[in-house]
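Trainee: My structure is below; once you've seen it, I'll send some questions.
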Amino acid sequence: MALPSMSVSEFDALIEQCTNEKIPNGEIDLSAALELSDMIRSRRLPPKDAMRCLKKRVLQTRNNQNLQFSVWRLVEVCMKNGGVPFLKEVCSREFMDCLEQVILAESTDYELEQFCSRLVGELYLAFKNDSQLSYVVKVYQKLVSRGIDMENLKPTENLNAMFDAKTPADWIDSDACMICSTQFTLLNRKHHCRSCGGVFCQLHSSKFIPLPDLGIFEPVRVCDNCFEDYDLKRKSSKGKKSKGKKRFTRSEDDDEDLRRAIELSLKENGRDADTFIPDTAKLEPLKKDPDEEDPDLKAAIEASLREHQQEEMRRKSQAKNMYNTSSPSVAPPIENNYDLSSNEEEDIHLFASLVERMKTQPPTAVLEDTQLQQLYQKVLGVRPKLNYALSDTVSKYNTVYEMNSKISDIMNMYDSMLEMQLRNISLSQQYAIPESGRNSYGYHQNMPQYDQPNSPQIIAQPQIHSPQQNERTILNYASPVSQHLSNGATTNTYQQGSALQNQQPAAPEPQPVSFEKPSTTSQLEGLILEEPSEPPYPDENTTIENPKIEQASERPYPDDHLKQENITSFDFPTVPLRKLSIHGSEQEVKEEPVQQEQLLIEL
């Protein structure tokens, strides 16, 4: 039974699941990471493809320090559990150059830099004598020359065991079975053992068992020899279990003796019998699966757990140090070692002053001056630090300059948005609807009403005119629209309105007026069809008498020889005041013009 192969896209999806953004503090999904390392170790995906998938994930998360940290944690788990073929790909130039760039990058977090440098140091200590992995030594020496601190790493005894993960052996090709030496034919086919990689016939390779130490948890084909080896390991693990049970019974007896000694001591001291005596609970031995009885697997698990505990202790100590300090930053601040001390500054100033003095002296004096030579050696040692400080200052200046340009762009955008909003507000106020109480037209609104066209009756109501209304009324009274009305009707209306105004003794109290928006069509129709209102400036001293209306049956038109005195001096044709009778029996009304006084317009 062959193992199912895995595609690169599926492997990328598993990597994203292990390094999910929702996992805080740069942690990983440990169960998914171990499953991923088992897939690499069982060669369901070629080691080179697995290495390139991890490198691609590192380059994708370059701008996110949290995800970058989780990806490198996953790389560490795969390195220590993926086997030697994957380690060879990790220690190649293609992957180690990426690791070196992450360590030397200025934007790398301090904690991430320390973690990656620790990975390089562990690889160096484990494989510095291996000729196939010699590129790790070159990267280590290059980082040390660049000033990366590698002195904290100490060689441990179990360092080689951390990278010693058992992997399936390479398949061997042969023409005969490696147990019975039977030649393979068309009917007797050959089969490979997934544990040792040998070639066997169907008779000697018919067993199927899982291989958890190789990262294979599904039953696969093994030969008879490998099956017997796994069977012996299971039996030996059962014997260890029985010994563990005996030791457990001895520990229970010791607890019982301790309990009795406590009871006797309490009785001797005169304590009451009701005193609480702690009862030791009997622990049941845990049942372990036979797959977990492999000593190599146990050693690998213990090493990984021990490393995980050390990592947790280190993180807790860093968290305590972070909370004890007054700085609110999450990561510890990077110490700037480029600052010059006071002694170095004094040496530089002293060297400069001595050089100025030596300009006037002969060259032999310069060579004989030992103090100048010593200062020269000191200044040469300070020169790299000055260069680093200068480059650091330039990089900070560029960063601040970019931030300042971004802020200025944002402020310009914000100002343009504010100007646009203010412009919209001014336009909305400019084109707003005028007040409903204000009359946009200059016509006099107090128009008389008629009940019937044949018998006109004027209902005059008391009004209080303001100066503005009087001025507007005067101007409207002289408009060309009002001149289309007949002279007799104008005189009659004016006389009746003045008579009603004289009859009222006093003006009533003003009533609230409801303002409505005027209609242009209705006002024009009222001005043409209806009679105009009374003039606002009558003569108080002159009393106008009502003229006598004479019925003239001969002519329906008013006298043409009489000239009316109006505000303007234009003469317009007159219109019949009433409908002409057919038989000529009706009498016509003869009206006499009344002399009106010219109105004064206030300027």
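If you go along the chain as it appears here, the first residue is 1 and each next one adds 1.
Glycine residues also receive a Cβ, built from the backbone N, Cα and C atoms like all the rest.
Not my notes, these are from Swiss-Prot:
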- 20-151: domain 'VHS' (DOMAIN)
- CYS177, CYS180, CYS201, HIS204: Zn(2+) 1 binding site (BINDING)
- CYS193, CYS196, CYS223, CYS226: Zn(2+) 2 binding site (BINDING)
- 253-272: domain 'UIM 1' (DOMAIN)
- 273-294: region 'Disordered' (REGION)
- 292-311: domain 'UIM 2' (DOMAIN)
- 320-339: region 'Disordered' (REGION)
- 320-329: compositional bias 'Polar residues' (COMPBIAS)
- 496-561: region 'Disordered' (REGION)
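Mind mapping these onto the model and telling me what they sit next to?
Mentor: Under 8 Å, Cβ to Cβ, and six or more positions away along its own chain, HIS204 (Zn(2+) 1 binding site) finds CYS177, ILE179, CYS180, CYS223, ASP224.
Across the domain 'UIM 1' (253-272), the model assigns an average pLDDT of 65.
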Trainee: Could you tell me which three-state DSSP class CYS226 (Zn(2+) 2 binding site) falls into?
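Mentor: Looking at the DSSP assignment, CYS226 (Zn(2+) 2 binding site) belongs to a helix.
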Trainee: Which secondary structure state does DSSP assign to HIS204 (Zn(2+) 1 binding site), in the simple three-class scheme?
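Mentor: DSSP call for HIS204 (Zn(2+) 1 binding site): coil, neither helix nor strand.
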Trainee: Judged by the number of other CB atoms within 10 angstroms, which among CYS180, CYS193 is the least packed of the binding-site residues?
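Mentor: Least crowded of the binding-site residues CYS180, CYS193, by Cβ count within 10 Å, is CYS180.
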Trainee: Between CYS226 (Zn(2+) 2 binding site) and CYS201 (Zn(2+) 1 binding site), how many Å separate their Cα atoms?
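Mentor: CYS226 (Zn(2+) 2 binding site) to CYS201 (Zn(2+) 1 binding site), Cα-Cα distance: 14 Å.
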